Amino acid sequence: MLKRVKHWGPGVLLLAPTMILVGIFVYWLIIENFRVSLTNQHTAKPSNKYVGFENYSNLLADPNFQHSLWNLLILTIVFLGGTLIFGFLWAWILEQPAKGEGFFRSVYLFPMSISFIASGVVWRWLLSSLQTTQPGGERTTGLNRLLDSVGLGALQNDWWSDPTWGIAAIAVPAIWQLSGYVMALFLAGFRGIPDELREAARIDGCTEWKLYRHVIFPQLSPVMLSAVIIIGHMSLKLFDLIRAIVPDANTYDVQVPATLMWVKYIGSDYADAAAIGTILLVLVALVVIPYLMYTSRAEKR
């Protein structure tokens, strides 16, 4: 017994503070959030009356929540597609032998170092559809003004204020901020492909397109999967960016479950807010857990 204590004791003492903090501030809060979602606490007054999954069924039947899920789907598709395309292109450019790779790699990665709140404030102005009244008349601001100044006024639009595609405009700053991260993933994938494979394919008469199609793209498939999982689950957590760009969290056209949860919370509808939080947790788990299982099995092989 004493030998076991001496063997395991230091490790347990080292991990105990972290395990306690994670247990309290992560897992206990998840359990408490789920408990609240099963109650009828729709006001600031505490309630211990349990209503089962009634809040969940009401949410799924709520047109506002359905609309927020649709917006989330559009945001995820545009965000995921944009980061994969630009990330791959930048990685492909940097993979070519050229000078200044380190500089451009730093430039592409720089947006990642900026918080979503800080970048969101800047992008709120850039994506503004408002017109400012000047002594000489009304003038547009942000990207609309830039488009007008270079003779592309026909491309001016309402950006996030657009009732149809406003949520897609929200994905633009997210793509700008995280394409560099996807670029780093693809660049590492490119560098991990042995030169012998490329040389053997060229000796066999492969064109560049066939080389990429039959050799490089299959080798990059694990990187692609990692990028899809990481960016996909991050799209569920873009609350801070949306909140920084859109002044009113209750703006219907760009409402997503995370912002709707905030609206419910500040309105003291704690039960519905907790239910939305639980649904978001389940969505993230559905994305992340299969990926973790896949990587775990791949490592064992």
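Yeah, the Cβs are placed from backbone N, Cα and C, and that goes for glycine too.
If you look up TrEMBL, you'll see 69-291 marked as domain 'ABC transmembrane type-1'.
Among the features that TrEMBL reports, transmembrane segment is placed at 12-31 (among others).
Residues 101, 104-105, 108, 165, 167-168, 170-172, 174-175, 178-187, 189-190, 224, 227-228, 231-232, 235-236, 238, 253-257 of the same chain sit 6 or more residues outside the transmembrane segment (69-94) yet have a Cβ under 8 Å from a Cβ within it. Look at TrEMBL and you will find 69-94 (among others) tagged as transmembrane segment.
What TrEMBL lists as transmembrane segment is 106-126 (among others). Outside the transmembrane segment (106-126), and at least 6 residues removed from its termini, the chain residues within Cβ reach (under 8 Å) are 90, 94, 141-143, 172-173, 176-181, 183-184, 238, 240-247.
Taken from TrEMBL, the feature transmembrane segment applies to 165-190 (among others). Among residues of the same chain six or more beyond the transmembrane segment (165-190), those with a C-beta under 8 A of the stretch's C-beta atoms are 71, 74-75, 78-79, 82-84, 86-88, 90-92, 94-95, 105, 108-112, 114, 116, 119-120, 123, 126-127, 158-159, 216, 219-220, 222-223, 226-227, 230-231, 234-235, 238, 241-242, 245-246, 253-254, 256.
Sequence-distant contacts of the transmembrane segment (211-231) (same chain, at least 6 residues past either end, Cβ-Cβ under 8 Å): 79-80, 83-84, 87, 178, 181-182, 185-186, 188-190, 192-193, 197-198, 201-202, 287-288, 291, 294, 298. What TrEMBL lists as transmembrane segment is 211-231 (among others).
Under the heading transmembrane segment, TrEMBL lists 273-294 (among others). If one looks beyond the transmembrane segment (273-294) by at least 6 residues along the same chain, the residues whose Cβ comes under 8 Å of a Cβ in the stretch are 30, 33-34, 36-37, 55-56, 59, 65, 225-226, 229, 232-233, 236-237, 257-258, 260-262, 264-265.
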